[in-house]
Amino acid sequence: MLLPQINQPGDLKKLPAEQLAPLAQEIRQFLIEKLSVTGGHLASNLGVVELTLALHYCYESPKDKFIFDVGHQAYVHKILTGRQEKFDSLRKYKGLCGFVKRAESEHDVWEAGHSSTSLSAAMGMALARDLKGEDNKVVAVIGDGALTGGMAFEALNHIGHEKKNLLVVLNDNEMSIAPNVGAMHNYLSRVRSDKHYLRAKDDVESLIKKIPAIGGKLARTAEKVKDSLKYMMVPGVLFEELGFKYIGPIDGHDLPKLLETFRQSDNIDGPVLVHVVTTKGKGYKPAEADSHKWHGISPYKIESGKTLKSAGNPMYTEVFGKTLIELAEQDERIVAVTPAMPGGSGLMEFAAKFPKRMIDVGIAEQHAATLCAAMAMEGMKPVFAVYSTFMQRAYDQIVHDICRHNANVMFAIDRAGFVGADGETHQGVYDIAFLRHIPNMVLMMPKDENELRHMMKTALDYDQGPIGFRYPRVNGLGVALDPVLKSIPIGSWETVREGEHCAILAVGPMVQTALAAAEQLKSSGIQASVVNARFLKPLDEKMLTDLASGGVKLLVMEEASQAGGLGSAVLEFYASRGIEHAEVRILGVPDCFIEHGSIKEQQQEAGLTAEHAADLIREIVTGSRLALRAGMPS
Ligand SMILES: Cc1ncc(C[n+]2csc(CCOP(=O)(O)OP(=O)(O)O)c2C)c(N)n1
Ligand SMILES: CC(=O)[C@@H](O)[C@H](O)COP(=O)(O)O
Ligand SMILES: [Mg+2]
């Protein structure tokens, strides 16, 4: 066994090159076994085993800097940099992070989680290196999916112009999470597959050189012929035209070829792009056969490839997808727009039923948002189906193109709240804060999956501008689903429990937590009302005014950033109108990043539990101050 000998990249370099292939097999087996227990991004990592080995074999991490785009495919890098024994804790609370993590290792130089930042980071590190007069290598590993992100093009444009020495490894496996989309993807397919493109560049260029140099008008024609010939025949000409030296496409599982290519690239001045072709899920048949499913997988049985997760109630995402089909059957204005997340957003069935009305734009949230604005202005009812965290990318387009135009866009905001194993880069806890202050925006969150359906109907019927509904990455409560959907009056909250001593204004899943807290309080003789604060904007101003005039003390509970969330909105409401209120306390996500773990663990860390809510209510009602909870930010 070679793998146990590898505790640092230095150990790898002691191996003769011909031992890298057997080591690759051991790493594959390691990944398949460990992730069968922990789950994780299996397919992407199986695809980069040889590539990561070759990089660590050819370069000197951490002096040479490896920047993994998204970073979900850095497990092999972690295996080679002293973290093998931590894989049993992969993506677990306080365990090994599923993405690159600087706190874990000096070899982790750039963190991500969101796509398409690697080229900008590489350029920044190359610029700093040159300004400091250092000579380390900077290597970005970017997938064909991440290359569809707008930021990547911004960086390509800058890098190609500045001609800094850096290496871009394009890991092309034809997959984003789902099959990759877009003109760049089509171009790469041609480069990969067209026999003309596979001709060696030098004999193409020698062919071009044979065209005799002739004077006059013919010369210009000859030049044009040369250019179009080069355009047609030279692989990667697009990157060459952008100022990169293009090398490839090469087999990303061929270790000798990878070593030779990286060594060759070292002798080239300026930016180099090595195009490697890999198989996502390589070496594990179920993952190779369906790398969409195996992109991010829950624990599974190795032999059968069957996942172990219990069925449980349908996820909110599933209810969203099915309800959207129901609505789309009645209203042909509905068009679903997804930035590369058709599966995760529950739109696969919708796409099968309405292929022309499901638009996957690639990893392009900004483009998706503006596209929706324009479609809405043309009378369509676009549904911007986006994860809360990835929607952060489109903040300006939401302000500038959707809300300012008051465009009738429906926002289907998935993964709202804590997301669990993906951790801090993916928590959907900021969208209340960054949406509710934008004029014309309406924002809702249901207390259960049945109310989600009614909110979708509300959003469809609403034609006064942008309206969004946000829902969590959890199973529904298992409540009955009303067959007939009714619009909810905009800005109306719902009292789900009466109580005389105080009121808990709860958002989404926090309604259940608040009801549990109210139950706990009964034994202390405290009766708490629970309000389903299902509109984050507009607020239920009448209810807020009545509560204040009734001298009712309030606790706001939201699995969203305390700063700028519903609690802030309530305080703003009272303060801006000079309304005297008894007391408002806010229980939300504190001012810190909540790392990976289970959603329950993340709620506990944030204090979003029935017990803590009950403690706060006791304090509010009795006036006895609680000692500040140890460890929680003030
Ligand atoms: C801004 C942003 N949007 C969407 C995602 C979700 N996402 C994670 S990985 C991925 C696909 C990446 O494809 P690629 O770069 O080709 O990597 P592969 O898994 O194929 O190796 C997507 C869409 C993200 N991480 N960031
Ligand atoms: C790496 C990445 O960003 C995606 O794979 C993300 O992990 C998907 O999240 P879900 O598992 O919630 O769909
Ligand atoms: Mg890919």
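Cβ coordinates are placed from backbone N, Cα and C, and glycine is handled just like the others.
Among the features that TrEMBL reports, thiamine diphosphate binding site is placed at His72, Gly113, His114, Ser115, Gly145, Ala146, Asn173, Tyr284, Glu365. For Glu365 (thiamine diphosphate binding site), other Cβ atoms within 10 Å of its Cβ number 28. In three-state terms derived from DSSP, Glu365 (thiamine diphosphate binding site) belongs to a helical segment.
Note on Asp144 (Mg(2+) binding site): other Cβ atoms within 10 Å of its Cβ, all shown chains, come to 25. Residues or ranges marked as Mg(2+) binding site by TrEMBL: Asp144, Asn173.
Summarising the annotation, TrEMBL assigns domain 'Transketolase-like pyrimidine-binding' to 314-479. The average pLDDT for the domain 'Transketolase-like pyrimidine-binding' (314-479) in the predicted structure is 98.
Most Cβ neighbours within 10 Å, among the binding-site residues His72, His114: His72 holds that distinction in the structure as shown. Counting every protein chain shown, 30 other Cβ atoms lie within 10 Å of the Cβ of Gly145 (thiamine diphosphate binding site). Counting in whole angstrom, His114 (thiamine diphosphate binding site) lies 14 from Asp144 (Mg(2+) binding site) by their C-alpha atoms. The record assigns His72, Gly113, His114, Ser115, Gly145, Ala146, Asn173, Tyr284, Glu365 to the thiamine diphosphate site; their largest pairwise CA distance measures 32 Å. The Cβ of Asn173 (thiamine diphosphate binding site) lies under 8 Å from the Cβ of Gly47, Gly143, Asp144, Gly252, Val277, Thr278, Thr279, Lys280, Ser291, each on the same chain and at least six residues away in sequence.
Checked against ligand 2, the binding-site residues His114, Asp144, Gly145, Asn173, Glu365 give no residue with a Cβ under 6 Å from it. Checked against ligand 3, the binding-site residues His72, His114, Asn173, Glu365 give Asn173 as the ones with a Cβ under 6 Å from it, listed in sequence order.
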